[in-house]
Every structure is written in C-alpha cells, then in structure tokens.
Amino acid sequence: MSTGYILANDAFRDWLNILRNEFTVIGPVLKKRGPIVFEEIQDAGDLHLDYCSTMLGPRKFIYPPTQRLFRIDNQNHRVTTIEPADAGNAVIFAVRPCDMQAISVLDRTFLGDIEDFYYRKLREETLTVVLNCNRACDAGFCESMGAGPFLRLEDGYDLEMTSMGENYLIEIGSRRGEGLIEKAVHRKEAASGDYETKDDLQRKAIASFTKHLETAGLPELLMRNLDHPVYRETAEARCLGCTNCTMVCPTCYCYDIEDDMSFDLTVTERRRHWDSCQELHFARVHGGNFRSSREARLRQFVTHKLATWVEQYGCFGCVGCGRCMTWCPTGIDLTEMAKRIQQDFETGRARWWAYS
Amino acid sequence: MSEPQHIEVEYLARVEGEAGFRIVLDSQPDIELRIFEPPRFFEGFLVGRKYHEVGDIVSRICGICPVSHMTTAIQAIEKAMGIQVSEQTVLLRKIFSLSQIAASHLIHLYMLAMPDYYGFPGVVQMIPGHKPHLDRLIRMKEAMNGLTALIGGRALHPVTNVPGGFTHIPRPEDFASVLKEIKAIRKDAEQAVRDIAALEVPDFHSDSVYVALYDETEYATNQGRIVSTSGLDISVDQYPDFFVESQVHYAYAKQTVLEGGTPIMVGALARLNIKFDKLQQKTRDLAADVGFAVPDCNPFHNNLAQALEVFDAIERCIQLIESHAFRDEEFKVEIRGGEGGSATEAPRGLLYHWYCIDRRGVVEKANLVTPTSHNFLNIEKDLKQLVAENRKQDREAIRLLCEKTVRAYDPCFSCSVH
Amino acid sequence: MGTGKRIGIFKYSSCAGCQFQLFYFQHYVLETIQAVDIVYCKMLQSGGEEDGPFDLALIEGAITEQWQADQLKRIRERSELLAPIGSCAVCGGVPAIKNTAHELDAQRRVYEDISVVHSLKAHPVDHYVRVDGYVRGCPPGVRDLAELVKSLLLNKTPRFLDYSVCVECKLEEAICVLVAYQEPCMGPVTNAGCGALCPSRGRACYGCWGPMKDANAKALADRFERMGLGREEIYRRFTEFGEPTVEWKPGQVKP
Amino acid sequence: MNPLEPRRALVREKIQENRETYSLTLSLADHDHFSYRPGQFNMLGLPGMGEAPFSFSSLHLERGRFTHTIREAGSLTRSICQLAAGDILSIRGPYGNEWPLEKAKGRHLIIVGGGIGIAPLRPVIRHALGNGEEYGRLYFLLGARTEDDLLFREEFEKLTAGRDGTLLMTVDRGEKKELSHIREGLVTALLDEIDVDPEESITFTCGPELMMRFVARQLIQMGQDPYDIFVSMERRMKCGIAHCGHCQIGAMYVCKDGPIFPYGDIKRFADTML
Ligand SMILES: Cc1cc2nc3c(=O)[nH]c(=O)nc-3n(C[C@H](O)[C@H](O)[C@H](O)COP(=O)(O)OP(=O)(O)OC[C@H]3O[C@@H](n4cnc5c(N)ncnc54)[C@H](O)[C@@H]3O)c2cc1C
Ligand code: SF4
Ligand code: SF4
Ligand code: SF4
C-alpha cells in the first residue's frame, strides 16, 4: 500500500497557498453564470472542488487548442522552434480520474514511438493532482470504461486525493508528487482506517452510476456493423457537424497545421490547432473527400472511440467523461448508438459475421 | 437660344456609397444630386422582425457609422417598450458613440477629403509623399477603433449593444490598456486639427439653418433636444411634427427639411455652430488658436469642425473612462408593445429612428431618417449658389469645386438610401 | 508599384463595411495597399480602369438591380479571379431579408412612388457568376482578409475557414450558450471566422458569417423547436443572413 | 529532437515529365545523414505554403541524391514544381513503410500503376528489372488518362527492351498516331493478358483508389490472395508521424502503418473506395 497522508480541509487550503509561491496552481473555478473552468487560481478559496466536469478538460494545458511551432526565415528556410509558452511549473488540482486517464491515453499518441516535442515538454512541466469522484455525474459512465470513479491508473500522475468530509486522503503517485505533499505543514500519515473509508466511498461511488455501457466484444461488434443505419439516421436527424463532441473530448488528439506569413513576406509562423474528424475538410485530398458525408464522419467518431482505438493503442479512446453528449447541441449520445447496435445484435438485426 | 450646358458627374468617387450629379449651367443653375445607391428597403423589411434583431440589422445600413444606427434603434426600441437602462449603459453608449464619431471623421478627413486638397486621385497616391499624415491617421484610427471594439466586440457591426444594456462589460485591465493607447494619440489629434486648418478652402458663405441635438450639461451625442439656429427647440418626440420627408424622382434617398420647406445642415459644423460652448475648454482654445470661430457658415469648414470634434472626443473618452468603475450588470427585458423614437448625433449629423412594436415584440412600422437626408437639399442649395458664383470658371474647375463641396458634407449614400 | 497584381473592387447593395474593413484593417493597411495595384475602387480613388482586366476582382454587396448583374458578368469575363467579400455578396446577407417580404409591399413601405424603383430579389454573387472563393463575414475578419491578400501575393489558394463557430468557441473556451443557457445559438450552422465573438461576449450567435457548408439547418431548427421557440422565431433566425442559401433553406420553414 | 522540425534540402536537378508533372532531384543541404527505402515518402514544404507527403520515385541514394516526382495539384505542388536547381525547400522524413520486395522474392511480380501513382512504383520497377533473377515473370501494367500522362514511358520502354519484363500500357483517351503499342481503355483490361498463375504472384499497385479497387477485385477473382495484393494509399497528412490523425483509415495510419497495405487488411475499414 502506498504511503498516504491526511490533510484537514483547512490545512489543504494552507498547503495550496504555500504551493502558489512556487508553482502556478491551476484548478476548477466557478465563473459568472455558472460554468466551471480550469484556470490559474489566485487563492485557495477560488477552487471549486465540488464539480462534475468542465467543458474543456485539463488537456488544454498539456495540449493547447492552438500552439505556435516554428518561426521560419523565408529567405534561407532556417527554422527556429518556438518553445511551448510554458505553464512554468504548473500543478493542476482536482483532475478527475477520467481526465487523468484521458491524459494517459493521449500519452500513447504523443509519447509513443515518436515523441511530440511540445507535448513532452508541457507534460513534464505540469504536475497532476487527481481528485476521486464520490458520486457519478449525470452523463458519466467512466466506471464502464475502466476510468473511474476512483483513479484506476498505476502511474502517470503525481498525487491522488479523496475527499472524506472533514479532510482529504492524499496518496502519492510519483516522486514529484511526494515533493509536493511534503510542503503541507499539518499533514499526518494516513491510518488503515482511512483506507477503509476510501474503499467504502469508492463502493458507494460505483453504486451511484445510472449510466452503463457494456464494452465486452463492443469493438468487434461495431467493426462488423459499419453500415448500421444508426449512423445515417443520427447524422441526418441530429448531427450538426459542428465538432463540439471532438473539441471537448479529452482524448481527441487530431490537429491541423497552418502557416502564417508576415505581410512583408519575410517570416512564416507555423502553428497547429485542434482539428476534428467531424469537419468537412478533414479527409479531403486532391480530387475527393473520403468522408464527405456527415454519416461517415459521425461513424468515424464513434468507431474510433469505441473500436479502432483499441487496435491502435490497446485501450478505448473513450474514458466515459460524458462531455461529447453534454456539449453536443442536440444531445447525441455515442453510448446510445452503441447500445442500439448491441440490441439489434441480440434480436438478430445486426451482423455477427465479418463486414465485407 | 442655345441649349443650356450640362455638367454630368456620373460617379462621385471617395464618398461612402453611390451617387453622381448633374448641373445645368444656366443663369438659374439647376442641380440634381443623383443618389443611385440601390435601396435595400430597411424600413420595408424591418416590419415583421423581432425587437432584438433590429439593432443588429440596422447596423448594416452603414459600414462607417454602425454604432450610431445600432444605438439609435436600440434607444428607440427601449423607449417603445418602456425599457429602463442603467446609468452605466448610458455612459458606455456615449463613449461608444464618441469613439465611432472620431474614427469616422478620421477616415473622411484623411482618406476621402484630403486627397482633394493635395491634388491626388486617392490616398494610395498620397502614400509616398505624405507618409507622416497617413501614419498619424492609422495610429489614431487604430486607437479609436480599438475603443469601439473593446466595448462592442468589434468596431464594425458590434455585437454587445442590445436592448436593455451591454451583454459584456470589458475588464478594467482592458480599459486601462486601451486608455493608454488613446492618451498616446492626443498629440496626433492636435496636429490633425492644425493640418486641416492649414488647408486652403474656397471662400464661401452659405446661408444655412443648422440643426443639432442640444443638452444643457454636455456636448450632446445620444440624448438632448433638437435645436436649430432658426429658433427650433423641440423634444425628440416632437420630431415628426417638425420635419418633413419627401421623395425626389432622381434619387433613391429622400430629402428631409423643416416644416415649411427650409433646407437644413446637420453634422460637425452644425454642431459647433449650435453648441460650441459645450466643447471642452481645451478644444475651444485650440479652435481659437487655429482661427476657427462660430458662427461659421462655410460648409468647407465642416472638415475643420470634424477635426476639432476628433480632438474633443478623445479628451472626453479619456475623462469618461477614468471617471467610472465599470462593473458587470444583469438586465432583463420584458416584451411590451408601444411606439418610440430616438435621435442621436451620428458622425454626419442628426439621425432619427422610430419604431412601432406590437405586443409580441415584433416591429409593425419603422421610420429612419439619416443625416444625409437631412443635408440633401442643403447640398443642392450650396451647389447652386457656388455654380452661380463661379459661372465664369471653366467647366473642369466647376466640376471639381462641386465634387469638393459634396465631399465636404461627408455624405453617406449608403445611409441615405437604406 | 507593388507586385503589379491588379485588383478591382466593386460595390453593389451593401453598407460598404467590407471595403472599410479591407482598407482600414489597422496597421496592415498601408502595406496592403502598397503591395497590390488597386486599379479600380470608387470609394478609394477617383478615376480608375473600370473595365479591367483584373487579376482579382472583389465584389461587395448583394445583387438587387439588373445593371449590377450585367456589370458583374462583364467583370467576370475580365478577371482572372473573382471573389465575393462579405455576407451580402457571399450569401445575400442583410439585404436579402427583403426576400422574406412581398417585394412590392416592402417597396411601398419605403417609397410613395415605386415606379422609379427597379429592385430585384436579392441574390449573392454566385447566383450570377462563377466565383473562385468566398471571403465571409459581416464584416469579414482581419484573418480572412489578410489571407486573401497574402495568398494573392504568394500565388497560393487562400485557405478560408470552413468549420462552424462552435470550433472557435472551443478554441477560445467560450462556454456554449446553447447548451449551458438554452439560448438559440446559430453557431453550429454558421461558418467560423469571427473568433466566436458573440458567445464569448455573452450572447447567442446570430449567424452573421452566413452558413457553413454542409450545415444541418433542419436539425438545428428542430432543436430550437424542442427548446420552445416558435416557428416564426426560427424562420427569422435562418433568414437574417442567409435567406437565399441552400444550406439554411431547411431552417426557413414559413410559419 | 523535434520531429516536426524540417531539415533543408537543395534542388539539384529538375526535369519536366509532362504537362503538369516534374521530377525534382534533391539532396540534404546540411550534410545530414539520410537513407530511405522504396515506397516511403517525405514531407516536403515551403514556408507559407505548408507541407505535403511525396513518395520517392528514385530507387536509392546516389551521391546523396534522391528524387520525387510531383504533379501540380494545388498551391504547394505548383510552387514546388516552380523551383529551380539551387533552390531550397524543407523536408521531413523518410516516413512510412516500404514495398515488400522480400515477400515477392521467388514469385511472379505484377505491378499496376495509374497516373501519378506510377511515380512511387518506379523504384520497384527498376529494382525488379535490375534483379530479374530473384523473381518469376515481371508484369508492368501502366495506365493514364492520355499518352502524355504515362510517366517514365521511354525509360521503361528502354529498360524492358530485350528483357523478360512485360510492359503493357493503356490510356483512357488515345491519339491514333502513336497507338501502336499503347492500348485504349482501362488498365484492368491488361490483367487479362497475364499468363501466370495469380496464386503464385504478388501485386503492387498504386494509383486512383477506384483503379486499385478494380485491379484488386479482378485479381482476387483470378485467384490471388487479398493479402498478396499491396496497395499504396493516399490520405491527407499534416504530420507524417501518426499524431495529427488525418490519414487514419479505421485503425490504420497511412503515414505509419502504410502507405502500403495488404489489400485484405485495409479493405475491412470504412471510408475507402477499395
Ligand atoms: C503517402 C503519400 C505519397 C504521395 N506521393 C505523391 C507523389 O509522389 N507525387 C505527387 O505528386 N503527389 C503525391 N501525393 C499527393 C500529394 O501529397 C498531394 O497532391 C498534395 O498534398 C497536394 O498539395 P497542394 O498543396 O499542392 O494542394 P492543395 O492546394 O493543398 O490542395 C489540393 C487538395 O489536396 C488536399 N490536401 C491538402 N494537403 C494534403 C496533404 N497533406 N495530403 C493529401 N492531400 C492534401 C487538399 O484538401 C486539396 O483538396 C502523395 C500523398 C501521400 C499521402
Ligand atoms: S457535437 Fe453532436 S452535432 Fe456536433 S458534430 Fe458532434 S455529434 Fe454531431
Ligand atoms: S479521428 Fe476524430 S475521434 Fe479520433 S482523435 Fe481525431 S478527432 Fe478525435
Ligand atoms: S458569433 Fe455569429 S453573429 Fe456573432 S459575430 Fe460570430 S458569426 Fe457573427
């Protein structure tokens, strides 16, 4: 069992304010009109820990929506890398387990065989403190996807927190995390009873889920039913092609690269920004577009998250955070689509043989 | 008897919108200002639109004074629907209007009018020899547009100004950074006044009636009474009883005159003639320094009047912003029927909007009277007088003089035909 | 002067805002104007070569009179490239709201004597001639205008944004006003470019950049209806900036 | 190391192949190490214009030089084709997998190319002709829209003359004067002229996806194993290193798992024309 500490709620706030002297402390903050947004906090009191999920996850600090890559001298084509505007030494507090899992999923893309320079840098400079969920949120199904409600990762994070009413149980995930907790003045070592309380909370949290998705055999089923009518019907009746689903998805990694040249045509800045398979141009090449229909684009989203990701990276591309359905203006729910195919399979209306 | 001679200018360049004119060179010169800017029928299609769309739609009447149309319409609708707005909203709208008046004047002065005086076809040709002028223009314009954009979201066709108030209030730090830029152009504005004052303009005296909004306490922009140099002094609600709009066969714009047929002049010169004493002391001193005094009846001095207004607007914006702590505000609009009008000072002068709204908040009737409609007959009157006075000159000189005169009024044909 | 690229700028039924935005887009202005040869632009300079030829013709405004359509066709013949700039020219914009009313009624509400008026149904430029690209927006944004000018100088096909305003909302982290506050936002069917101006300033997008290609207007209209918006309200939203467009037609079910 | 950071390459030589296609021979400008295998590609770029993938059309490095054959399709390709010897462009790569020449050893080799797709096949054609003893019979079936579009025609004619490779060419629209040995019609028609057992052969094909579809389907009908047919796929690409997501076909990244795929493997996914 890992070493854990207990911090009373007051001591937790003191600790945050101590960390602020040394780090950029980021966390969920309540905004005017109600939304919660991850941003730098000026005081521990700004932190709004009782939240379900934010529109954009903490992904934006490690893989920002837009990023400047290079400056290129147009004359001699010499390239200068623009270092990522560093979050400096940032600590992100209260990362939900699903979002932590999502970052580890992103790691598989950007820190795989070939490492993305910018991602690597920001990932290294950003510490992550996970906050376990004591109850399910309305749209969430992380439990089904093996991503929550309590942290399921072995590594790749720095600290894990559990709110236990009057105090927090804080467990260590990395050496750097250990360094952080050592700065907490009034910490005391956790006792076995504390871990029992945690297990109890976890059981309760798991029991609170109303939304489930059966994942066994799902990738195969989806790949066998690529022409299932659910895609066309949903695409026609409800999908706006607006890309909200993929923009808010914490595991989506696609990007586009754009060159911007100065007006005197001497310098080029090469940038990248989040792109989405729901955009019309995404699969366009000279002479055609491989996903010109909204149906094809919607299918790409669903099958990538729930099927082909597994073949690519050995994990699901969906962590069950519920964002895509929450922020889809028409409430399209990919689990509903998957479930319809599963039901059709049970009643014999979907294929079990290989798609050809 | 020989045929009367004509001068036809098919197309008047460097004005906002599309118009030409035809001059009959006779002992009794006749003038037709042919405004062929195609009508878009705003008053026609606003009927049936919802109250909250009107500001966004009428903003598209004019790309140079969108703030004025938007604000005037919204004020009229607020009046019709009995919506009260906060003091902060009134103040913000004032700054908003002033910033746009300054930016609009600057474009007119430097890009449309100035080439005339330097003898260039346009501003592009001025770049090599007169770069400092243009750099100054850009600095000033950027700062003032920056202020409009800060408040409105963008300088052209802003989005935050809606019935009831502003949907977004800039943060203090954003005001501070724009303020810094505005302070940096004070000197430029003074120089602009001196540059314009140094231009040689035709000596011309026009007997005109000037009309502007007037307020005891300040140099009125969005509120006040409608006052003329001929003794008119009415509330905005009385506007329809004292102004008459009529269609002419050669123009899509209508002519608006005072009851009884008197042509009027509105705009910067009219404003100075009516409320010079409400300008800030600094501006009045500068005016005296460059030799400007009211009453001034030379329409070519409208340009100088505009430059003085730019200077004044910049100072006032600085004061107004510094005197207030801006805060987020909540507001709610209740839909109610009614009628209401509003008049404001657009860059080119008095602008009037009137709406009748039904109980679902839908527009039943709309009436819009623009500065250029107000000026229309006066421009023709001045042209006639000028042509009569200069009949001896050659035709080319007369044509140029006439073009200059029209441009001095800074007419906006997109507004006039809407 | 400049690269010798000859540009002609023409104004039809519009507010002239696009031209203002083009010439006065801040500190780039002087560099822009100098980098190309503006051989025809009535609002900028007297004279000029109305008949071209042009490397690039920019058209502002909707087409509402026959002479405009005729001239437009002539310009097309004399231009290597032709692009509508601004919503009026791209998708009908505000001038096309009049198409929602009976033409003569709309005219009579404005003029006593309509015999001198020769207005046609408002159409975008591509209704009459082939176009090489669209500079969207009301007014067009600095990004797209800069892209246009630079592309001309570089001899490259300009890349205008073709996705929805929602994308910009996310890039800017503007909270979705449709989902969070139930405001009828046109963002999902509206072409990006404004930087999510309205949603990030606390109001719903009203569609001023006109339709996104492949917009699903029907699905959004249905969504509005489920939110309790009346047919008339929905109709108005889809006709404020895109009356003559096929993309928004499915949202324009007459009440 | 930043994998998105391009290196600089110098244009050494440019040859116009036809109306809209040029071959550019390049070498790295800064004496960096470089090596590649046929079938792979580079991301070539110009500031302001961006980057795009281009296959090698040369067999192997000669004096540090390699060749890309590029068709003018848009702004970037047009600008690259306008470069002259001595000009600089940016380069990243090589990326992607190679033609499975090992797997073809001891078997008959059928190569089917269409249009600009002939370019990436040129190195394998040259390799096969240079190492004829390693393979059974060699078939080179090339198709294009017009005669002018038949890339490297003379080169291939020369190389195959007097050897045991069979070169068959076809065009969609032919001009009668030179039609002596070039047929009119679809490239699939040439498959009928193959007189080896498809089961004992291996196929490499590159060209429009529709063409590859008909080629593959016909060969499968003729008895070839779908896993013995190798297709080279084209997709939009921004990064070339399996990060940007654009080139995904189902679970495959064209840039990393491809661009060359066994037909049977890539066919199972949606959104192709195969
Ligand atoms: C693995 C691979 C190898 C290739 N090898 C060759 C070759 O040897 N010779 C050759 O001439 N062409 C080759 N291509 C195709 C070549 O990359 C495209 O023709 C090129 O991207 C067109 O770019 P452009 O900027 O000139 O055209 P653009 O002006 O960008 O537009 C042309 C069209 O291509 C699309 N496009 C834009 N960027 C890309 C991109 N990165 N990849 C694909 N499509 C894009 C656009 O959407 C547009 O529809 C290859 C493509 C791939 C994927
Ligand atoms: S958010 Fe919804 S409507 Fe928009 S693209 Fe995604 S699934 Fe379609
Ligand atoms: S392909 Fe689509 S679903 Fe997959 S990572 Fe990219 S944007 Fe997300
Ligand atoms: S959000 Fe919509 S209405 Fe607002 S500026 Fe952008 S496109 Fe125009």
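Glycine too: its Cβ is placed from the backbone N, Cα and C atoms.
Within B:Glu43, B:Glu78, B:Glu380, B:Glu403, the residue that TrEMBL lists together with B:Cys62, B:Leu368, B:His418 for binding Mg(2+) is B:Glu43. Between the CA atoms of B:Cys415 (Fe cation binding site) and B:Cys62 (Mg(2+) binding site) there is a gap of 6 Å, rounded to the nearest whole number. A simple way to gauge crowding: the CB of B:His418 (Mg(2+) binding site) has 29 other CB atoms within 10 angstroms, across all the protein chains here. Counting other Cβ atoms within 10 Å of each Cβ, the lowest count among the binding-site residues B:Leu368, B:Cys412 belongs to B:Leu368. In sequence order, B:Arg40, B:Phe42, B:Val58, B:Ile61, B:His69, B:Thr370, B:Cys415, B:Val417 are the residues of the same chain, not among B:Glu43, B:Cys62, B:Leu368, B:His418, whose CB sits within 8 A of the CB centroid for the Mg(2+) site.
Contacting chain C by the Cβ rule (under 8 Å between Cβ atoms), the binding-site residues B:Glu43, B:Cys62, B:Cys65, B:Leu368 reduce to B:Glu43, B:Cys62. Secondary structure at B:Cys415 (Fe cation binding site), as computed by DSSP, is helix. Looking only at other Cβ atoms within 10 Å, the busiest spot among the binding-site residues B:Cys62, B:Cys65, B:Cys415 turns out to be B:Cys62. If you take the C-beta of B:Glu43 (Mg(2+) binding site) and look for same-chain residues 6 or more apart in sequence within under 8 angstroms, you find B:Ala366, B:Asn367, B:Leu368, B:His418. The two recorded residues B:Cys62 (Mg(2+) binding site) and B:Cys412 (Ni(2+) binding site) have their Cα atoms spaced 8 Å from each other.
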